[in-house]
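Structure, as structure tokens:
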Amino acid sequence: MLVCCHQRVFLVLWLISSLCACGRAVEPGTAEAARSTPTHPLALAQRATPVRVPPPPMGWSSWNSLGEGVNHDVIKAEADGLASLNTRITSGARYEYVNIDEGWWRSGQRDESGNFIVDTTQWSGGMQAIARYIHGKGLKAGIYIDAGPRGCGKRADGTHFVGSDFAYYDHDFLQFAQWGFDFVKVDFCGGAAENYDPQTTYRSIAQAIRRAYSQTGQLMTFSVCDGGTVPTNKSFPDYDEGPWVWGAGVGTMWRTTRDIAPDFGSVTYNLAGNYHPEGQHTGYYNDPDMMVAAMGMSAVHDQAHVSLWAIAGAPMILGNDLAKPLAADTASLLTNPEVLAIDQDALGLQGLLVAQSGRLQVWAKLLAGTAQRAVVLFNNSARDAPMTVTWEALGLVPSSQATVRDVWAQKDLGRFTASYTAPNVPAGGVTMLAVSGTDSVPAIWEPGLLAGGAAYSRCPACPGGEKVTRLGRAYFRGSASTARGGFVEIGYVNDRAQTAYAQLAMNGKRPTTLAFPPTGGDGRVGAVTVYVSFQAGSNMLALSNADPSIPAPDIGYVVTVGGPVPVASAISTAH
Ligand code: GLA
């Protein structure tokens, strides 16, 4: 847990440490401004309202149930199925995307201008016709391609499907946008075969998608499908180089693991490989793969699978065949509004593993609102078991009272002090809870040196009456009693109509790109929350604008907020 130091002690420590830090905090040759006024205490009431970040995409993809057997009629039937599933969701988020995976470009040929030759016996009316049909159902349409010249799967004649390539990116992504697609998944089988560097490749594709947008006005959600194996290091997963490290600001979501299969060992393997909570924030998502619920696992495993994807805040892309009539229990499994709301929570964070004993795991997710947490008690053992979650593990005041709700049953369980014990979590299954308690007091990060043209300016709506403007780079110093991770909330102003961006670096480590959605044109302060790693003692957080041509937000404050406390040990895949 983080320690909120006494204000005066903190101020003295800050002054001492900022004096020591001067030499290394400011880059040579950049303008610098030291804050002259003492920092302010931050009352809870002064914190900004959280800004909703884009939620993890929800939808359906063809791959798990149809493989390469995609065509106009089957996709049409699946779109009908998804639209009808949506009518069973009584409130909140609904499934949105109908994604056509590999197999749509059967010919693999281009005309003399480089245009895809689409088999019109497979796609009557062409690709734009199926996109139009999907849109007509109130849904969005997705398509698929490889980053390299060769696809992953093989066609009926034994040859590989065909992908895109550097020379075609501009053409191909413009074409997808012109056809009306809203989502594109880009695989890396051909990229790996060519020994392409995933990061460089996907950045080029992101640029092509941006250019397609500026030419057509068609926004496409970019799904990166590289599980993190880089050509120079074939070990899997390549922890330091995977898209969870560089994906934020490149794609909306990125695969983290190998392909899922409809067996529970595969589900838990992908859950473990997807555990990169520092990578998932402000609308960028780790992707443990399309779902295999309702594809032959037991009802208990299916429910665990959906719960674990929801607590992870993972993209909820269904894979089961929706053209067939759905059994009533399958429909309830996929349409529980409270489970979907946990997945789609406004903060967009990944749930953390907060306790582990053998094959019993407690997962918890920080939710928007005051002192709200979601919890999954996951019993991956062979016997039913009681399981306990403590408020301390959830980052709530340990001895306080909290209300507990069973999310699947949609039933309040009562008020409990310090912990809750579920009497009987089924073998291979879960109990999923919503807990509403009392948060610890947030600890302010002291604003310090500025560089690169950044300056303090008046901000009546900011807690301290000032904000950092014209990033540049701004440093904030905070204290932690642990080397485990925790949550920081960043109050900011972005009065443009578009999202602004800044990079966050903790203690000089590799930065991640944060997105700051608009806060409105009237100087209002909004907030986003990010999971970061700490070192015990003093920590330095830098926010900077890596590219001056991209608008950055003004920064009003940084505070550490209470949230689930991760276990120290590495996650066990327990499958
Ligand atoms: C790869 C991807 C899958 C699917 C197939 C298609 O294996 O990881 O999700 O797209 O290719 O061949």
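From the backbone N, Cα and C atoms, a Cβ is placed for every residue, glycine too.
Taken from TrEMBL, the feature signal peptide applies to 1-21. The annotation domain 'Alpha galactosidase C-terminal' is assigned in TrEMBL to 358-433. Positions annotated as domain 'Alpha-galactosidase CBM13' by TrEMBL: 480-546.
The residues of the domain 'Alpha-galactosidase CBM13' (480-546), classed with DSSP into helix (H, G, I), strand (E, B) and coil, number 0 helix, 38 strand, 29 coil. Assigned with DSSP, the residues of the domain 'Alpha galactosidase C-terminal' (358-433) fall into helix, strand and coil as follows: 0 helix, 47 strand, 29 coil. Each residue in the domain 'Alpha-galactosidase CBM13' (480-546) has a pLDDT score, and their mean in this model is 95.
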